[in-house]
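These notes concern the structure reproduced below.
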Ligand SMILES: NC(=O)c1ccc[n+]([C@@H]2O[C@H](COP(=O)([O-])OP(=O)(O)OC[C@H]3O[C@@H](n4cnc5c(N)ncnc54)[C@H](O)[C@@H]3O)[C@@H](O)[C@H]2O)c1
Ligand SMILES: O=C(O)C[C@H](O)C(=O)O
């Protein structure tokens, strides 16, 4: 048996937290041979509800769960953290864009970045889920100057999984037959779901669907799926978001072998002309606990235009939180 690792989940009494914690504790995220210590962070008024979640976690008698620490103290929560899932933030309501949450949520991520900087493992993997995820991840990273920026990712995986599911449904394929999907840019309605390199059962995806469906139906459906779920459920996605977070962390920790690539928002490094300073959704592979941006994909004029639009939105979001970046 491996020695335990510390996983910190913020917003642990929220709806994503409730769908996430039991899967982490059962080994879905880091493997059935990896014991975990769960540090659960909440705001003080939610500590009662968090206590209830902790009771239920204990009642599962998970063999891999070797410690459980509910707290409202960020420094305690991130002490010796190996994996951080930053979920705790307000969700949007119907009619809002995710960036409308910046003023409410941006302030959460500076102090959490500082707490990570102080106490987390130096090769911690931090996945920001709370919206607007890309810019919140940027805030957390900027407040953790002693941690490499590559320790911080934001979640594009829900969009990636949504795109796979839509394409599978349209073509009658299994989700496992689909590869090479990328969600570029922001986890927002400007994201670019790219099928130009996607394959269905080894054949070009664009040979199986017509371009009109791709541009007029598929792209807006994936871009607006979060809003459609809020309209239908009266609450934002939770179980699918938790599942995507599990997928993202599992691939980052254990590798993407077997799949062509996955979509992850990582610090822009000039790849595909996106200069540093924002967290950008890219096609990535992972091995040995590190991610790499897939290089050398051809981008046509349509793709370049869409990628420029989502980059522009991320630069605007960055400008709006410049005061939180130091
Ligand atoms: N990136 C994605 O793909 C994606 C998908 C779904 C939801 N989200 C976002 O995830 C966030 C959480 O969604 P939810 O449905 O779980 O919301 P929720 O309201 O059910 O839960 C959020 C929890 O966070 C807690 N919280 C608030 N501030 C905190 C802080 N400073 N420290 C610790 N905890 C804090 C709240 O008390 C609450 O329990 C939202 O911002 C939502 O928009 C992102
Ligand atoms: O859409 C939202 O606000 C929640 C989440 O980001 C989602 O994509 O479902």
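From the backbone N, Cα and C atoms, a Cβ is placed for every residue, glycine too.
As annotated by TrEMBL, domain 'Lactate/malate dehydrogenase N-terminal' applies to 6-144. TrEMBL lists 11, 12, 13, 14, 15, 16, 17, 105, 112, 129, 130, 131 with the feature NAD(+) binding site. Residues annotated as substrate binding site in TrEMBL: 92, 98, 131, 162. The domain 'Lactate/malate dehydrogenase C-terminal' feature in TrEMBL is assigned to 157-322. If you look up TrEMBL, you'll see 187 marked as active site, proton acceptor.
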#### Entry: Which of 162, 187, the listed recorded positions, has fewest other Cβ atoms within 10 Å
162
### Task
Give me the non-local Cβ neighbours of residue 131 (substrate binding site): same chain, 6+ apart in sequence, Cβ-Cβ under 8 Å, ordered along the sequence.
89, 91, 92, 98, 101, 105, 187
### Query
Which number gives the other C-beta atoms within 10 angstroms of the C-beta of residue 130 (NAD(+) binding site), all protein chains shown included?
28
### Query
Listed recorded positions are 15, 131, 162, 187; which sit with C-beta under 6 angstroms of ligand 1?
15, 131, 187
### Query
Given the binding-site residues 15, 112, which one has the fewest other C-beta atoms within 10 angstroms of its C-beta?
15
### Message
Which one is it, among the binding-site residues 11, 13, 17, 112, that lies nearest to residue 162 (substrate binding site) by Cα separation?
### Response
17
### Where the C-beta lies under 6 angstroms from ligand 2, the matching binding-site residues among 17, 92, 98, 112, 130, 131
92, 98, 131
### Query
For the domain 'Lactate/malate dehydrogenase N-terminal' (6-144), what does DSSP give as the number of helix, strand and coil residues?
64 helix, 26 strand, 49 coil
### Task
Go through 92, 98, the listed binding-site residues, and name the one with the sparsest Cβ surroundings, counting other Cβ atoms within 10 Å.
92
#### Entry: Largest CA-to-CA spread of substrate binders 92, 98, 131, 162, angstrom
19
### Query
What mean pLDDT score does the domain 'Lactate/malate dehydrogenase C-terminal' (157-322) have in the model?
97
### Query
How many other Cβ atoms are found within 10 Å of the Cβ atom of residue 17 (NAD(+) binding site), counting all protein chains shown?
26
### Task
With an 8 Å cut-off on Cβ-Cβ distance and a minimum sequence separation of at least 6, pull the same-chain contacts of residue 11 (NAD(+) binding site), or say none.
17, 41, 42, 86, 87, 88, 89, 130
### Task
In whole Å, could you give the widest CA to CA gap in the NAD(+) site formed by 11, 12, 13, 14, 15, 16, 17, 105, 112, 129, 130, 131?
20
